[in-house]
């Protein structure tokens, strides 16, 4: 009867393997591999040479392989601590690692001293030399990771885990050698016990994260290769998300992260009560737009340099931080200095014009790959390991079935196979879940970067909702017809792919049995084949989904690329410097919506002195909105000069409302001022409205202000502008949605000569022919 393990390995002649020149001669423990000592025995052991070579090379080789990729990543991070700030946990880890290095050096010196008398083989002193270098490097990494703010090291945890497992085998071998009197020396036993004790302690210490390593504040990514946020011009003192608890993932150990134990608290809370948004954790700093967007814009700028030799506009990330508490831009701090109550705040951004030679079209895919590719490569590595481990269990299953069928008397082989199958399943699950986690996180970051980049361009289209809605609806109707046909074809394809593995299994078994009368479908063949077919089915069913996703991704990338390469508006068109001609002045201005079209506004010349209240009156299509957009910098200036001194606030005719509380809509990220806030409520006639709302100004407004009337939304929008305390106010018929008596109140207390804005530099109102309260 051929042994089951021998069938797999193919070693039919069970001869021990000796490397006399490297491992030495003597007892069977000096062989590189011994079948009689390790496999064909009821009390298996491993040769000393195998321990000094394979055990050392595998553990230290994995460590150095990880270090090769991990150290460059670590060096790119900012230094947040000094060594003298290290806590007791970090010091204990470092001391143990240094002790391990010293023990290895002691072993090395002892072995070298015995070479003349004991003819010590090379394997005996190469092993402690490799250990000494590796433990010295681990000591450095422990301190270096602390300086970089790493609370837990994945590389070191895996390293100590491997050493713990292999050291356990070596410890058992030492015990057997003592029992059989095959031990070389007492000195090697003592040093090994000290060595293994330090490894056990290191493993235990690396089960916990080091809270002292957490940065006291978010690292200043702005000083590192434009990784800074560009949401505003100064660092925010407080964000609304600061009220949320930081995700425990940030301070979790490596084992805690890969097992998702850090989210247990939230799961238990969700079991006891319904979770709300306030129960969610704050994002990790590296998952926020403050860090993601500048990195992406830097890579996209590189791609835009590939455009033609025409004047090219590209992004340059600002090196400053936002001053608004919740990450929003205040009115006087927006990218072009023009605030709007109808736009979500944009990031501080310089737009530079360069002349580049023709080198091809910019690739959004390449910009995304350079930004998120390194992190995604980790997911690819995990997937590769997952695929490799997936095919291990069928082989172990075959061995286990053969073990049962043959009635192998060496029962330890069965236990070993069962434990191996359990460990392989656990490793496979961990690899798959963490692969999915990284993929989802990369997808989140990529979407955040693209959405933030796209919306910084379309936010100024606030007055075009209806025209664009009609165009989108028309395109959507055509898309739905095509989508219906696509879904029918997709359903048919998925059905075919779903049935294919089943048909393949039946056909394979039938072909196997019918092809040769000697082919018997026994338990071993059936179960192993079914296991392999199940694995193949997972990949086969993923093919149509992958193809569909690739096609959709390609189409989306092409559309986004075409959009992002469009020329930007000249943000320097409006001069913000102080002018002697007036607060707002236009000299020989000619403006158009498209440079390829004729001018919409021609030969504009006017000067408006400080403290003026101006009403622009006219019929529909007379150019009121175009004039407003010209002053805001949203039109192309063909010729002439525009000067608008000071910060600017804009109140649109169609109020824009956030899905937040009334207070948050009015405050809009500006620093809290109780007296100013109360005055805004009073002058904008909102006090009575707040009394009828369920929880006053803490009432959350629905999407697009669905739970407010048109007049209420308009007054909230006006109050938001007033609260910003800007220098210049542009209003597009702000009283059209309110009743006449409310309009008179707002004009008297806000817009008029005695209103809250009376000391402002310039107030202009664009209205239709009906002047209402302006009369």
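Placement of Cβ uses the backbone N, Cα and C atoms for every residue, glycine included.
Automated prediction, rather than curation, is the source of TrEMBL annotations.
Summarising the annotation, TrEMBL assigns transmembrane segment to 54-74, 94-112, 124-142, 154-173, 185-205, 380-404, 410-431, 486-513, 525-551. The domain 'ABC transmembrane type-1' annotation in TrEMBL covers 457-552. Look at TrEMBL and you will find 584-769 tagged as domain 'ABC transporter'.
Cβ atoms under 8 Å from those of the transmembrane segment (124-142) belong to residues 24, 51-53, 56-57, 60, 63-64, 67, 71, 90, 93-94, 97-98, 100-101, 104-105, 107-108, 111-112, 115, 153, 155-156, 159 of the same chain, restricted to positions at least 6 beyond its ends. In this model, the domain 'ABC transporter' (584-769) carries an average pLDDT of 85. Remark: the transmembrane segment (380-404) makes no contact with the transmembrane segment (185-205), by the rule of 3 or more CB pairs under 8 A. With pairs at least 6 apart in sequence, the transmembrane segment (486-513) and the transmembrane segment (154-173) have fewer than 3 Cβ pairs within the 8 Å limit; the two do not touch. Under 8 Å from some Cβ of the transmembrane segment (54-74) lie the Cβ atoms of residues 126-127, 130-131, 134, 137-138, 141, 144-145, 148, 150, 155, 158-159, 162-163, 166, 169-170, 374, all in the same chain and six or more residues away from its ends.
Sorting each residue of the domain 'ABC transmembrane type-1' (457-552) by its DSSP state yields 86 helix, 0 strand, 10 coil. Distant neighbours of the transmembrane segment (94-112): 86, 120, 124-125, 128-129, 131-132, 135-136, 138-139, 142-143, 187-188, 191, 194-195, 198-199, 201-202, 205; these residues of the same chain sit at least 6 beyond its ends, with a Cβ under 8 Å from one of its Cβ atoms.
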